[in-house]
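Comments concern the structure below.
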Amino acid sequence: MPTEQDREGEPADHSAPHGPPDPVRDLVPDPVRDPWRAAMRLALAEAGRAARGGDVPVGAVVLAPDGRTVLAAGHNEREATGDPTAHAEVLAIRRAAAETGEWRLAGCTLVVTLEPCTMCAGALVQSRVDRVVYGARDDKAGAAGSLWDVVRDRRLNHRPEVIEGVLADDCARLLTDFFRDR
Ligand SMILES: [Zn+2]
């Protein structure tokens, strides 16, 4: 399984966030979000791979029920593959299901750099993940709390827990830099 240390050994990725440390953010403990920061850094590394292929930098990882083991990862590949459904979350949960041999990802956590869209939110409900963790909010298309809240719609039987705002600044900066540089 890839670990955070493995990723950090890779060549420098200029699309990855390397902003100055934020002393306030780093010193104030956040018991809800802090446990997911390491996984979000893996998702950020995935997002960097999307940008290298000309895709909007969004990355995702699926964690096993232990909350640490990475089952699968994915990044946005719409441009790279010409597939409109090739969003990071869809690719990551497909790969996680292939890895486990089970379409139900019960107990698993999906960690993604950007708030899921309606398609991905629907796919996440279908996958039965226990938890969705995301970084930046997407006020224009987000479907996990911003514009819609598909994942926590009370009319659905399965409603994953949602934790937002993990390394949100880093996740948002990656997108801002990508669009500025185009
Ligand atoms: Zn999506």
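Please read every residue number as a count from 1 along the shown chain.
Every residue, even glycine, has its Cβ placed from backbone N, Cα and C.
Annotated active site, proton donor per TrEMBL: Glu89, in sequence order. According to its DSSP assignment, Glu89 (active site, proton donor) is helical. Other Cβ atoms within 10 Å of the Cβ of Glu89 (active site, proton donor), summed over all protein chains shown, number 28.
Close to Cys117 (Zn(2+) binding site) in the fold, though at least 6 residues off in sequence, lie His87, Asp138, Ala141, Gly142, Ala143, each with a CB less than 8 Å from its CB. What TrEMBL lists as Zn(2+) binding site is His87, Cys117, Cys120.
The compositional bias 'Basic and acidic residues' feature in TrEMBL is assigned to 1-16.
Sequence annotations record features per position, and here TrEMBL assigns domain 'CMP/dCMP-type deaminase' to 34-147.
The region 'Disordered' annotation in TrEMBL covers 1-31.
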Suppose we draw a 10 Å sphere around the Cβ of His87 (Zn(2+) binding site). How many other Cβ atoms does it contain, all chains included? 26
Which same-chain residues, if any, lie at least 6 apart from Cys120 (Zn(2+) binding site) yet have Cβ under 8 Å of it: His87, Ala88, Glu89, Val90, Val112, Ala143
Considering every residue in the domain 'CMP/dCMP-type deaminase' (34-147), what is the mean pLDDT value? 97
Other than His87, Cys117, Cys120, which residues of the same chain sit close to Zn(2+)? List them in sequence order, counting a residue when its Cβ is within 8 Å of the Cβ centroid of the site. Ala88, Glu89, Val90, Pro116, Thr118, Met119, Ala121, Ala123, Ala143
I want to verify one value. Collapsing DSSP to three states, which class is Cys117 (Zn(2+) binding site)? coil
